[in-house]
Structures are given as structure tokens and as C-alpha cells.
Amino acid sequence: MPVPNNVAASMRKGSTVQKGTLPVAKSTKAASKKKDEEEGVDTGDGLDEWSGKALIKPPEQLELTEAELKEETTRILTANNPHAPQNIVRYSFKERSYKPTSVVDQMAVHFVLEGSLLHQDSDEARRLRAKEGLPEETPTVDTGTEPDEEKPETPATPIEDGGEEAGEEDRPDSVASKTDRKEPKVSNQFNFSERASQTLNNPLRERSCQTEPPPRSNFSDTVNQWEIYDAYVEELQQQEKNKEKQKAVASKNDNDKSKKKMVLMETQNDDISKVGKASKIFERMVNQNTFDDIAQDFKYFEDASDEFRDQEGTLLPLWKFQYDKAKRLSVTALCWNKKYQDLFAVGMGSYDFSKQGRGMLVYYSLKNSAFPEFIYPTDSGVLCLDIHQQHSYLVAVGFYDGCVAVYNLKEEGLEPLYKSTAKTGKHTDPVWQVRWQNDDMDNNHNFYSVSSDGRVVSWTLVKNELVFTDIIRLSLNGAVSDGPEGAEQPGIACGTSFDFHKQIDYLFLVGTEEGKIHKCSKTYSSQFLETYDAHSMAVDAVKWNHFHPKVFISCSSDWTVKIWDHAINTPMFTFDLKAAVGDVAWSPYSSTVFAAVTTDGTVHVFDLNINKYEPICHQQVVAKKKIKLTHIEFNPIYPILIVGDDRGYVSSLKLSPNLRKKPKCKKGQEQPKGSEVEIAKMEKLLSLLREPEQSTV
């Protein structure tokens, strides 16, 4: 109820007001004022009344410290009903058993009251008014046409009994005022209109089918403890038999299995494999078009300037192979595939032994230099590898952590088919060389490895595991460290490289970190057959000649490359390349041609039949002098060689005609062919060096 203006003005001035002069809503405030007057408290202005209140603490309030006041207590309120049951089970007719019900109704109803309100314009409200005899109410709108002077003033002291009646008379929506006035047009009420339309309902169709119930049979038996045990033992034996069958199938009949796999692959109608094969061919076509000039050089280009260079030749750069994820790794091994001559394997690792980490085995093809054909990431750095000559899908790999592994390109996945462990006799130091050998008497594949721990080990692939056999243990004084337990063990020599004779199966050479080369036999392992004082530093590579059975070559970080006759303790040829030699390789087409790489980024190609003192090609193949070349390998058929560096790049180089030129024959003589000619070429050179020695005897 509004307060008269004179009363409001008196309140603003702060004058005292007697009890009963204010409305009912202000009674409590007036009572408190009167109490203050009786107690003699000066309330002052209205603003002082609100600002002068003091904070009163209840007597039972706890006294808390600052830490306790700042402590926050987290309470999580959930909508779950704590009294709802959690273990309700219902019978499932599908599974014919009782199943727990996961969905439980969490709603709890505390109070329900049905309402009795009706809309005043509804039919039901009109019927209710007519039944109770109440007058019909019509809504009216206050147009505001009456002047303010005609409104009766509200007295300052309203009468308690008649206050409601006076207010009821003044309301514009009262029954008396409504009957005297005309009902104006409703403009601000909701107008309800009902519209309906009926569409055609699609008829329901039922489709059902009936199947024959599965046959059932009742089975009953008594179970004892020994019957349970026998059943478990029988199942275990059956599992072991299945494992043995799978291992036997994986290791035997590789040729038959490969043929069957090929037939199965041809008969399969797998869209993904078809798309993968087509996309690989398409990728090769795109790369061949992109690098068409390199492909043309590889196929047809011959350096015509060789005719004016006397006997010197050049190397033509061709493709450059790289993989982005192997940029920080060094090329530690190279090997060509003997069956597919365009395919070669690259081992990635690191020769910086303070920064050892991951490695990678990568296969590249000359048909696609942009991306590798196969990628096998490894946990440890790869230091050596060798591809099997007959079964070209098998590759043996040696790692920095002493493990050896065999990868099968036919198998899916990135894990090796075989891998040595500490239980199966793995090396304790880095493995520097691996070489495949002929199958043993049981037709099992086997390969050899040499490591810095002084062991030369034979590894045989039996079923699903590698079986190792120590062939020889290297020592510093020439004797093998196989003495009794109480005897003093001589110092162990660290093996860094080895190679097996091409014709004599049991004969092999081992190069050591001390610079010595030992000639050994597989069957006679009590001591070395011969020891050569070859180099003043570690022997990086030692390789038999492909044609001559007595000649081998060695290189070292002492800047030298030496050619030996294994029957003589002194080298036949010594070449100083004025930089540390990383690798050396014999050519497959001539017994007198070999190539070497040095750490200054230079490739040296020698032909002893033309020049016994100087290389006929001396060419730097890297852009920066800081890049070191690590390995080199000749292609078995094409006149190209590949070199790897310590940045993960592999470069292919084509030999000019002077570097692969065959000796001229006299008129009327037929061109000799075969390995006998190459043996005769090398033998002629060796005889020139042996004659002075024989004359002095």
C-alpha cells in the first residue's frame, strides 16, 4: 500500500513516528525505533541507522584459526539415489539365465500434489462458476483516461477492518466497476486457435520367419581330480604339437612354401593388395619420368673424353638415395641383392660410440630413388648385414649391442624372424661383420659373425631359434683362449672384419683391432694357420679376390690399402691414400680392379693391370669436405658402384669406359673369356713380384 507524501517527508527528516501511524509492513521497524528511544539511544539520520550496526557473534560459535578458515571442503552432490537397489536381476529369455540389470531408476518422489487451478476463460471454469453461483468475470483493460484528481486519497491511518474494503473499491478490476463499464476490445491477450489436419498413415506390415531350433542334448558325467588333471595335460601336449608344426613349416621347404604363397597371392582378390601393387608401379613411373635424364645416362651414356685421357677414367654421379628419418645416422653397411640386381640393402647406425641410439635397415631400388622399398627400424644401431645368395629374402644383421638377427622380407611386420639373446649366446661387444655360408648337412641355413669380444660364432637357423657354436676365440699371442680354468688366459683380440674363401669352404681370414690378420680354419680351431702383421691400426676390411684363389686385400685407418698373397707374410702391393680408408671392394668383372673410399670424401679406383702405383680414378663425390665416406660396393652386373657416407646418404656412380676396359688382344687371336683370363692377369702381376725373391734364394 503506498505511503502518503507527508509521512514520507517526515521519515526523511528523521522525526519520531508513533506506533500505528505506519503501515503494517513498517511495524517492526517502528517498534525497534521506539525501543531505542526508551533506552536513550540517539539514532540520528537514516543513513546512520544502517551503518551503525555491529557484528554480534553467537555465544556457541566456534573460534577457528586462519588456516581452518581457509581450508576448503569439497562435497560432490550426485543425482543417484543411495537407497536404490544395485543388485536387481531379471530373467533373460534369450540367454536362458538370470542377468543383473544395469539400469536402475534413481528418481525418488517426496511429495505429490495435484493442482486445482483452472484458466478463467476455459469452459470448465465457466461451468464451475455457474455451479457455485458466482458472477461472470470479464477481463478489462485500464485505459488510463481518468484524471488523477478523481482518485480518492488513501488516509494516513488506514482502518484495519475496512482497509481491504477500501482497497477493493479502488481496484479497477472489481466487479462493480466492471458491470458499469463497456467491455473494450481485447488487444493484448493470447488468441488461441485450433487447427488440425490428417495425413495418410502408412499401413504396418509384419514380416516374420521361423527357423528350426538348434538341437539339444543332455549330458552328464562325474568329474574327479585326476580327470581334470589329465584333461589339462592333454590340452598342453596338443598346444606344444601345434607350435612344433608351425615352426617346422616355417623353417623347411622354403621353395615350396614360396611357390604356394605366390599362387595364393595370385588367387586372392584383395583390392588393397591390387591397389598397393598398382600404386608402387605408378610411383616408379613418376620417378622415372622425373629423373629421366639420370635413367638415360645410366642406360646409354659413355664418357667420350676417356679416349683423350690416356688410361684414366671418371665417375658419373647418378641417383642419390636418402630417407628423412635416417638423416642423422651413418651408413654402416651396404650389400647388393644377388637375385634382383637393382635392389640393395643399407644398414644405418653410428660410429660415434658416445652417441649410440636407434638404427635402421633400409632397402632401396634403382627404379625408385625417392623412397625405400622396405624399412625396418631397430632399437640398436646396425653395423653390418649380408643378404643370402640363394634365398634373397633373408638378410642377416649385426647390431652394436652384440645381437645378431635375421629378417625375412616375405613376412609381415617389423620384427626380425630370428634374434639372438643373452640366453642364446649373443656377443658382448659390437658385431662388426656377418656372412652367410652354405647350408649344413641337415639343410639348415647358417651364417657367421665376428665381434670385438674376440669370438667368431656360427649361427644355425633351427626351427624358430638361433643355435650358436663358437668356432674360434681370438687372442693377442696367437693361441686360442681355450685353456683350462686354472691357467692364465691370454689377452683377447678384438675382431673387426672377416671374409671366407670363395673356393675353399673351410678357410677364412679375420682382421683385428690390433692391425693383425689371422688365417683360420673352421675345422682346426686350436690355433691360427697364419698371422700377418698387416697394419698399425684396426683392420677395417679384409676381402678375398673374386677370381684368384690366393689373393686378398685389406684396408685400415692407417691410410693404407694392401694386397696379399696368403702364402707370403709380406704384402705384394701397398698403397698410401693419404687419409683413413673406410672400406675397400674388389670389382666383379676384373681380378685387378678394386675401389676404396677415404674419410676425406674421395673414391679411389685402381686397375693393377694398367697402373701398379697410382689410381686410374681419384674423384671427390661429396659436396662438403666434412662429410666422410664409410662404405663402397660394386654392382654384380651393371657398371656402377654405390658409396655411403656418415650423413645417411647413398650415392650411385657410373664407371667410365676406361675403368672397365678389357685388355686388347693381338690380331687374329680370339678374345679369351671366363675366370681363367682374370686369374692369368693377376698371376702375371704376382710373378713379377716373386721373381726377385726366388732369385735371391
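Using N, Cα and C of the backbone, Cβ positions are placed for all residues, glycine too.
Because TrEMBL annotations are produced automatically, they should be read as predictions rather than curated entries.
Note that the structure is predicted; figures quoted are calculated from it, not measured.
For 1-52 (among others), the entry in TrEMBL reads region 'Disordered'.
Per TrEMBL, compositional bias 'Acidic residues' is recorded for 38-48 (among others).
Each residue in the compositional bias 'Basic and acidic residues' (122-134) gets a DSSP state, and the totals come to 10 helix, 0 strand, 3 coil. For 122-134 (among others), the entry in TrEMBL reads compositional bias 'Basic and acidic residues'.
Annotation source TrEMBL lists region 'Disordered' at 122-222 (among others).
The compositional bias 'Acidic residues' feature in TrEMBL is assigned to 161-171 (among others).
The feature compositional bias 'Polar residues' is assigned by TrEMBL to 186-202.
Annotated region 'Disordered' per TrEMBL: 237-258 (among others), in sequence order.
TrEMBL lists 238-257 (among others) with the feature compositional bias 'Basic and acidic residues'.
Long-range Cβ contacts of the repeat 'WD' (532-565) within its own chain (Cβ-Cβ under 8 Å, at least 6 residues beyond either end) map to 494, 496-504, 509-519, 571-588, 591, 594, 596, 598, 608, 675, 678-679, 682-683, 686. TrEMBL lists 532-565 with the feature repeat 'WD'.
The average per-residue pLDDT of the prediction over the repeat 'WD' (532-565) is 88, rounded to a whole number. For the repeat 'WD' (532-565), DSSP puts the residue distribution at 0 helix, 20 strand, 14 coil.
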